[in-house]
Amino acid sequence: MPAALTGLLWFLSLRTWSAYESQQPPTHDAEPEEDGGTTPLGRPGFWYGRRLVARLRAAHTAAGLLTVAAAVGSAATRHDREPGGPAVLAVLGAALETALVAGACAVVWVVCRRGRTECRLDAGLDRRLVRYLPLAALVLLALTLLHAGWDRPGWQSAGRLPGDTAFGALALVQGLLVIVLAGVAHALHRTDPDRRAAIRGLAGPAVAMLACALGGVMSGGVSQRVSDWLDGTGTSIPGPPVLLTWQASVIPPLLLLLPALCAWLARRAWVTARVERAAVEREYPDEAGDPGRTRRIASVRAMAALTDRGPRILAVTSTATLLLGAGALVGALATGRTPARRHAARTPSSTAPPRPRRRWAPG
């Protein structure tokens, strides 16, 4: 499933790259501003990311496939290294791990090697790198699957797949990075306040929080659904990592929050439309009254005013996401069990023997 999602994201990014990033913007002489400079939006290469986006697409696709390969092959490689394990498979596993580390280093090099070229149009394209880096990662994944699926007499898989600790550490690091980023943004905003800055300079950390939460919730929901599909009885396999199940459990509270925010926006739009109808009538006192046209103008103004409340919605959603994500992480690390099993452990069993009824003697 993770490999299939990675391939789907690669396909979607390829389509958007071909439709948007590959289209060269028209060239013209930028008009200087009043202070003699040129705005960043007017630089030749600001809107043209053909080469950079292609490199990032290849690097992210390769990173996703290498991550899946590392998760699949770690359990088999650990078993092969135990005393009495197959020597040939142990050597092949070590070679695959070395290749995975080399691939990870190549991905980091591709990401950090080249930056944006906004001052000029970069018409180049690293065709070999864009083509062969994801292909090499796909080959490593196939070899890892073959190595992990090789028959090993006497070895039976048990328990959850490795990754519980990695998922917890990833969620913790993401949350800490968002908090640090929010602190830095707040300090910069206090140093040089700008009234036009959204959420008082915290728009960047808020969007980063939503991005991390969206990835965690989607991965948790997909893994939980696939595990339920693979094991309908819920008794033969333990299921996905505990943290992913906790992350999937925060979806209902978020779904309850969104209708409340939409209702608040609808009420604000209705109140603003009523105010704007009176404002339109005051702006055109000499015109003949047209209630339908006045109502349409007021509605358009009210809907346009909703964009000014977007930062507030973003702030509320990101804050709720941070709190729910922290609760999911704490619950997973503190209990080590899924929410359903934790609740079942606290709830008395319904199969307890019934209490004997007291019989009343006559008289």
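Yeah, the Cβs are placed from backbone N, Cα and C, and that goes for glycine too.
Per TrEMBL, region 'Disordered' is recorded for 22-41, 337-363. Annotation comment: TrEMBL describes 87-111, 132-150, 170-189, 201-223, 243-266, 313-334 as transmembrane segment.
As a quick check, the transmembrane segment (201-223) and the transmembrane segment (87-111) miss the bar of 3 or more Cβ pairs under 8 A, pairs 6 or more apart, so the two do not touch. Long-range contacts of the transmembrane segment (313-334) within the same chain, counting only residues at least 6 positions beyond its ends with a Cβ under 8 Å from a Cβ of the stretch, are 168, 171-172, 175, 178, 198-199, 202-203, 205-207, 209-210, 212-213, 216, 242-243, 245-247, 249-250, 253-254, 257-258, 261, 265, 342.
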